[in-house]
Amino acid sequence: MSDIEKVPTAEVINSAGSESASLGSDDQRVAEHGYKPELRRHFSIWSLLGVGFGLTNSWFGISASLVTGISSGGPMLIVYGIMIVAFMSTCIGISLSELISAFPENSGGQYYWTFQLAPKKYKRFWAYMCGSYAWFGAVFTSASTTLAVASALVGMYVLSTGDPNREVQRWQVWLCFEVLNIFIMVFNIWDKPLPYISSAALYTSIGSFVVITITVLICSRGNYQDASFVFTEFNNNTGWNSAAIGFLVGLINPAWSFSCLDCATHMAEEIYQPEKFIPISIMATVAIGFTTSFLYSISMFFSIRNLDAIFASNTGVPILDIFYQALQNKHGALFLESLVVLTSFGCTIASQTWQARLCWSFSRDQGLPGSRYWSKVNKTTGLPINANVMSCFWGCVVGCIYMGSTTAYNAMVTGCITFLLLSYSIPIVCLLYKGRNNIKHGPFWLGPIGLIANIITLCWTVFALVFFCFPFTMPVTAGDMNYAAAVLGGLTVYAVAYWFLRAHKLFAKDHDIDEKIEQGILN
């Protein structure tokens, strides 16, 4: 037994009688799998959706990562890319929803599902690798989101000066990033305000989307672009001779805008009936994300007056330049961008909520060095503060990559996408190997449609691992190389090394009921 506090497994709890009676049905289900219910279930479906959509926030994602996509194909890439990625995300959402509906008792999400589904001989290793990829992806997501906000703030400052010769300095963005990362961490210290903050983030996002879209369309009236500019003209400024490769590499922009769909699954111990409400949250996130991002993108692109000026802008924030062109007013553009930034705060708060839950649940199973510290829940605030601080620390470290490479943001985005897709694919492969009909289905189960969604998700993962690791521009130099493949390989080597050095002795040992039965600990 580790030094992390555990509760008895189902057999012991049921013999106690009074102990099981004191637990609600959802918490009892947690206890039956050997975990102590420590988090309070005070999230509603709306606050859960606020966390889920607040993090994915597709229309904001398009705004924030436009710099990575607009040069790869222009508006056409983004518009059709949203359609492609929304379909892929629907398949991912179905796959995740089926799994959380079948295994709703744990906040571990994909690594916990892997532990339940993988062959007995390999389940601890693959669950550990899955959890490692999920946490890596969460840290890269938080870093890339915060860096996008920092870039927006510095870009707003540059535009406000009115000096066309002023350039965005990398150190300015980095410093703003580090300050923001620490500031946002404060919002995940107390548990009671968090559901209200999450709900407010949802309403703020939808409200900002409506205000920005209507304002830009009204102010651009009479100066709209032709439909061919939005839907058929391909503008390849990547340096790739092949337009197809430029397009495929550019899909990273809409792909990032639909990432992190597992977020709600890590809130399973903070909402009642997670098997019903979490699938609703996941699928609603995809639906709202597609609707808002598609309408938003088309509206913005019809309002562009000079695409070359956006490429040559000194702000480094294409969406800010689109606002400026549409409104022809600096203060108006800054106001609209401030709404984007306000929305982004909900996104960054949600990303830290998510990464803290992942770190906490993974540490509860001894998946990280120093797990006994990161698995603690603060008794006063009711939140895993240690896990949040540790994850934010590594987010600060990842942000330092930006000082060494002009394309560091792109690498963070790629790390977010690829690590998370790998973490989704591992339990899906285990599910297909075990047999979809050989597990107890939850309320959300789509039968043959779910099987198709599983296969498409796996194919999309392979695609992303290949094309999103390509250089973003050609010719390649050391300063603008895509280091995502090196990061992916390096962290995989670290995870495997830590498994053999220590984790294989500790990870999930206290919750392996099959092993306990074999050892005679349980009957």
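Numbers here mean position along the shown chain, with the first residue as 1.
Keep in mind that glycine also has a Cβ here, set from the backbone N, Cα and C atoms.
Quick look at what TrEMBL annotates:
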type: TRANSMEM; residues: 45-70; note: transmembrane segment
type: TRANSMEM; residues: 77-96; note: transmembrane segment
type: TRANSMEM; residues: 133-159; note: transmembrane segment
type: TRANSMEM; residues: 171-190; note: transmembrane segment
type: TRANSMEM; residues: 196-218; note: transmembrane segment
type: TRANSMEM; residues: 239-257; note: transmembrane segment
type: TRANSMEM; residues: 277-298; note: transmembrane segment
type: TRANSMEM; residues: 385-405; note: transmembrane segment
type: TRANSMEM; residues: 411-433; note: transmembrane segment
type: TRANSMEM; residues: 445-470; note: transmembrane segment
type: TRANSMEM; residues: 482-501; note: transmembrane segment
**Fill in**
Relative to the transmembrane segment (77-96), the stretch among 45-70, 171-190, 196-218, 277-298, 411-433 with the most Cβ pairs under 8 Å is 277-298
**Prompt:** In the same chain, who gets a Cβ under 8 Å from the transmembrane segment (385-405) while lying at least 6 residues past its ends?
**Reply:** 135, 138-140, 142-143, 146-147, 170-171, 173-174, 177-178, 181-182, 185, 188-189, 352, 355-360, 363, 370, 373-376, 378, 411-412, 479-481, 483
**Asked** Does the transmembrane segment (239-257) make contact with the transmembrane segment (445-470) through 3 or more Cβ pairs under 8 Å, each pair 6 or more apart in sequence?
**Response** yes
**Request:** Would you kindly check 133-159, 196-218, 277-298, 482-501 and say which stretch has the most C-beta pairs under 8 angstroms to the transmembrane segment (171-190)?
**Result:** 133-159
**Request:** With a Cβ cut-off under 8 Å, give me the same-chain residues at least six positions beyond the ends of the transmembrane segment (196-218) that come close to it.
**Result:** 43-44, 46-51, 53-54, 57, 59-60, 187, 288, 292, 295-296, 299-300, 302-303, 322-323, 326-327, 332, 336, 339-340, 342-343, 345-347, 349-350, 353
**Request:** Sort out the residues at least 6 away from either end of the transmembrane segment (45-70), same chain, that have Cβ-Cβ distances under 8 Å to it, and list them.
**Result:** 77-78, 81-82, 141, 145, 148-149, 151-152, 194-202, 205, 209, 235, 250-254, 256-261, 263-264, 267, 271, 277-278, 280-282, 284-285, 288-290, 292-293, 296-297, 310-311, 316-319, 340, 343-344, 346-347, 349-351, 353-354, 409-410, 413, 472
**Range from 133-159, 411-433, 445-470 with the greatest count of C-beta pairs under 8 A to the transmembrane segment (482-501)** = 411-433
**Prompt:** Among 133-159, 277-298, 445-470, which stretch has the highest count of C-beta pairs below 8 Å with the transmembrane segment (411-433)?
**Reply:** 133-159
